[in-house]
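Presented below is the structure to which this report refers.
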Amino acid sequence: MSLLNCENSCGSSQSSSDCCAAMAASCSAAVKDDSVSGSASTGNLSSSFMEEIQGYDVEFDPPLESKYECPICLMALREAVQTPCGHRFCKACIIKSIRDAGHKCPVDNEILLENQLFPDNFAKREILSLTVKCPNKGCLQKMELRHLEDHQVHCEFALVNCPQCQRPFQKCQVNTHIIEDCPRRQVSCVNCAVSMAYEEKEIHDQSCPLANIICEYCGTILIREQMPNHYDLDCPTAPIPCTFSVFGCHEKMQRNHLARHLQENTQLHMRLLAQAVHNVNLALRPCDAASPSRGCRPEDPNYEETIKQLESRLVRQDHQIRELTAKMETQSMYVGELKRTIRTLEDKVAEMEAQQCNGIYIWKIGNFGMHLKSQEEERPVVIHSPGFYTGRPGYKLCMRLHLQLPTAQRCANYISLFVHTMQGEYDSHLPWPFQGTIRLTILDQSEALIRQNHEEVMDAKPELLAFQRPTIPRNPKGFGYVTFMHLEALRQGTFIKDDTLLVRCEVSTRFDMGGLRKEGFQPRSTDAGV
């Protein structure tokens with residue numbers, strides 16, 4: 001019932017108060033009828049639904065005109081409706097206002113019923129045709145408002161929860177996060193192949209039964225489940241008590257010193273054993289001569305015989321211990337000789353491998369993340385490569401990598417890379433000082449067809465000490481670059497893979513320098529004698 005109809009029904013003879021009373025009663029009846037019919041109609045919105053739906057909270061381009069703005073939520077009209085008094089509202093906003101604040105227009109307080117609202121399809125079409133910006137951070141696309149919902153479904157910058165850790169990420173980042181960064185991503189133990197979440201791996205590594213651990217006494221590497229038996233039975237340097245500790249010897253020594261201890265303290269052990277036998281003898285004597293116990297009579301004929309047998313056995317065991325000690329010392333000498341032989345053979349194998357590289361050596365530096373962390377904590381990091389030869393015969397060289405500290409002057413946070421000459425097998429047959437060209441390269445480990453290696457080429461300078469024949473195993477003077485590569489460039493590229501950095505050194509002596517020259521590299525100045 002409109003206000004106009006209410007005024008006409010009142011008549012001129014009635015007072016204004018009677019008119020208002022009739023109008024209020026009519027409105028109350030209309031609200032009651034409308035509320036009943038609304039409960040069965042799908043066109044009306046539930047209160048909980050209306051609380052969630054307001055206007056379009058998006059950024060318009062150009063900015064939204066005020067005529068399309070809802071006076072209640074101050075956002076763009078959603079499902080625009082118009083009142084008899086000519087005002088526009090979001091459908092959900094005005095229905096909620098009527099039900100919460102009373103049957104009146106929020107703008108001019110005119111009487112307003114729900115059944116008086118009618119859709120403003122013209123405004124709806126106009127608003128849906130306006131251009132808006134995607135609200136997702138990083139997305140620069142613009143589209144009509146009617147297409148925004150479909151765009152957000154496929155937008156690569158929309159936030160979605162990681163299915164494993166439930167943290168929000170943009171769609172374009174979630175796959176990388178799941179594979180590389182998610183604390184709940186599945187990883188396998190390299191030792192026992194058990195699958196677990198990444199965040200649980202550190203705890204698992206501390207208790208994995210198949211993980212390699214180092215014996216704290218002898219340095220032997222064993223799997224964790226073997227370590228208890230190793231401590232109890234095998235470890236040569238594990239501390240153990242004397243065999244005669246039960247008789248009163250309180251000495252503790254390494255297991256490999258036990259035989260010597262037994263040999264050097266035989267007399268002491270015999271005295272302790274005799275004292276223990278004497279104490280047993282006293283314990284077996286009757287405490288009361290008037291009422292001797294039959295079970296502990298000293299005149300038992302087998303008692304003294306048993307003591308004699310035990311003493312005889314002790315003498316034999318003492319001789320056996322001496323013999324075993326002598327054998328063990330002999331075997332220890334053999335083992336020492338075998339260890340020296342093995343060490344010599346290992347050195348020869350390493351020397352032969354170094355001679356096979358023919359002047360091209362790739363140095364694999366593992367656990368490089370640990371070295372970077374040490375550098376960030378301002379702990380010096382200096383690493384030397386194994387030696388390698390330029391040929392057979394050839395010069396023996398090695399590389400030195402130094403991570404400069406953040407506080408270093410003029411070279412802070414740089415990788416310094418140098419080459420050192422070493423004493424080699426063929427030094428007496430080679431011309432000195434060393435002359436040639438050296439190419440140093442940090443390899444790009446990406447899968448790209450064209451890899452962006454970082455490399456420098458330098459010529460040897462015979463007048464420097466770095467290229468003279470070394471008089472000690474490794475020449476203390478090096479030749480190379482203090483500022484070979486900045487650590488920031490290293491981190492931004494794909495130079496580190498599986499926590500490993502690859503450094504390549506290619507050496508051409510004065511007899512085969514043509515290969516490097518043909519590639520057009522011009523050496524830059526180096527930092528000599530560092």
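Using the three backbone atoms N, Cα and C, a Cβ is placed for every residue, glycine included.
Cross-referencing K171, K327, K518 with Swiss-Prot, the residue annotated as ubiquitin cross-link turns out to be K327. Around the Cβ of K142 (SUMO cross-link), a 10 Å sphere holds 15 further Cβ atoms from the protein chains shown.
Confidence for the region 'Interaction with TAX1BP1' (1-362), expressed as mean pLDDT, is 79. There are 15 other CB atoms within 10 A of the CB of K461 (SUMO cross-link), with all protein chains counted.
Secondary structure from DSSP puts K124 (ubiquitin cross-link) in a helix. The Cα atom of K142 (SUMO cross-link) lies nearest to that of K124, taking the recorded sites K124, K327, K461 as the candidates. The two recorded residues K124 (ubiquitin cross-link) and K461 (SUMO cross-link) have their Cα atoms spaced 82 Å from each other. Rounded to a whole number, the C-alpha distance linking K327 (ubiquitin cross-link) with K461 (SUMO cross-link) is 59 angstrom.
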